[in-house]
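Here is what TrEMBL says about this protein:
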type	residues	note
COMPBIAS	26-35	compositional bias 'Basic residues'
REGION	1-97	region 'Disordered'
REPEAT	162-203	repeat 'WD'
REPEAT	221-262	repeat 'WD'
REPEAT	263-304	repeat 'WD'
REPEAT	305-346	repeat 'WD'
Amino acid sequence: MPDSFFASTKNRKRKRSVSTAEGARGAKKILRKGKSSSQDTKLINASARRGVRGAADEELNSDRTDSEGGVIDDIDLRADVQPETSGDEDEQETPAEKRLRLAKLYLESVKDGLAEGEFDAAEIDRELISERLRQDVLEHSGKVHLFVADFYDFTSTSSLRCRGHRFSVTSAVASDDAQFLYTSGKEGTINKWSLQSGKNIATFYKQRISKGKEKALPQDIQGHTDEILSLAVSSDGRYLASGSKDRRVGVWDVEKDKWVKGFGGHKDSVSSVAFRKGTQQLYTGSFDRTVKLFDLSAMGYVETLFGHQDTILCLDALRGETAVTAGARDRTIRFWKIADESQLVFRGGGKSAIRELLEGGAFEGHEDEEHMNGVEVDGPKSNKSKEKMKESRYAEGSIECVAMIDETTFVSGGDTGSICLWNTQKKKPVYTQTVCHGFHEVQSTTEGLVRTPRWITAVASLRYSDMFVSGSWDGDVRFWKLDQKIRSFSLVGSIPGPGVVNSLQLLVLPKGALDNASWREKEQRSSTKSSVQPTLLVVGLGQEHRLGRWLSMKGEGVTNATTVHIIYPRTKTTPNL
């Protein structure tokens, strides 16, 4: 006996032909009667459409029952007739259903990205996926969410020293996966190091310009022809960007260890380069007082930003479409909003007498100074106030370096030895710590002993955390901790850094990244039970400052080298994240 479903299909075809033929005959009869006006034509078309629609309704009603009178389920019919379509093409999908579908796709992609065979499904679902989702949400929020500075032991470190430059190291950066290290020197070369073995695996040499008749064009030179001042690695670890005194921005494919392209456009030395986190967008700062944006996915120039009145010495960027720059002697920090084509100006340093008078602060601290000069005061309080008054004299100068902590908070260092904490909601510093790296003493024949504060040569932050580092030439790299409300900071530790600290980088060490490194101590290779990951600190050291030769350090342990430190968390306590 044939299936009732196919029997109903034959009936459906028969009914459609009969109803359609009847509608056509009715239309022809009306036309034969001679009614040819426009209104009659509209009526004919409407009746024909109603006839077809009615026939379709009869088909649906007839299809709902089989030959035995039973009702056929609509879901079964759609499953047989309707082809599979993706969620994006479904017009009936509600916003809630779309969010659910996208969440499922994201979870599947996270599972695919995790290592297979190392954990069981329950552990992956409970720990790894949830942690990955939480970190993604917190990073995209753009706020400080890692309060880990109190849980690191700065006395327990593993150190690696890389020496491969004849002159001072100007920049040193490690890839996000902590597999490779890139360093540049004043002699114009770039070295690529393996962090597993600590060996040099590639060198990009300085190129010489031919002086003959056939002089090479800048775009034909496969490399830099002068000192390299700054380096940056993309988040995916594919491209290395370099800024040089030859006014060009170099792009290197570090997977193939070759030169890709050199961008011109700057009219002076390129002092700083930085990638936008998670993208291939590159920001460059120059002595020509401009910031340029390049897109390495298309290997093209995007735009130029103007605003600074002096050379740009440092530049930094995070995940957001923003960047922050330090403008040296114009004593400003500028927060660039790329999408809005606008900028926020933050003025640091001291104020002139006229400015103090206009803002009502000309007599600030005057009574205390007069009281101390007129009356002899003894005790610890008077000594503290004297020290504060001495330190307040060093409140102006140039801003040398800057580092972003989160999307709205950043720190800066100046040539007066002070570190300032900034927020985009306030024009003035939220907090200022003066003389952070002590005084530099010089014996003068006319003035006697001259004490000047050591300026801050480099700062770097552990992204989206409460910890950052600063460097000078006092022999130490100092760690600072922000308070819970991001209103101040305090010193929490230091590690040795002999020489002039020209470059600093802090990043969280991925799990298992350097467990088998030859330079890592055996007792510290085993993973601890702490929920805080070890931190990798990269320090670029030299006998001279990266931008000039007005300072020369010679002494025991002072070399042109790069040191890499693994900062371990304490094993006794774990943070409440």
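Glycine is no exception: its Cβ is also placed from the backbone N, Cα and C atoms.
Sequence-distant contacts of the repeat 'WD' (162-203), counting only residues of its own chain at least 6 positions beyond either end whose CB sits under 8 Å from a CB of the stretch, comprise 224-233, 235, 237, 240, 242, 244, 252, 254, 257, 500, 502-503, 505, 507, 509-510, 513-514, 516-519, 536, 538-546, 559-564. Among residues of the same chain six or more beyond the repeat 'WD' (263-304), those with a C-beta under 8 A of the stretch's C-beta atoms are 218-219, 229-236, 239, 241-245, 247-251, 310-319, 321, 323, 325, 327, 336, 338, 463, 547. Break the repeat 'WD' (263-304) down by DSSP state and the numbers are 0 helix, 24 strand, 18 coil.
Per-residue pLDDT, averaged across the repeat 'WD' (263-304), gives 96.
Break the repeat 'WD' (221-262) down by DSSP state and the numbers are 0 helix, 22 strand, 20 coil. Secondary structure of the repeat 'WD' (305-346) per DSSP (helix as H, G, I; strand as E, B; remaining residues coil): 0 helix, 22 strand, 20 coil. Under DSSP, the residues of the repeat 'WD' (162-203) split into helix, strand and coil as follows: 0 helix, 22 strand, 20 coil.
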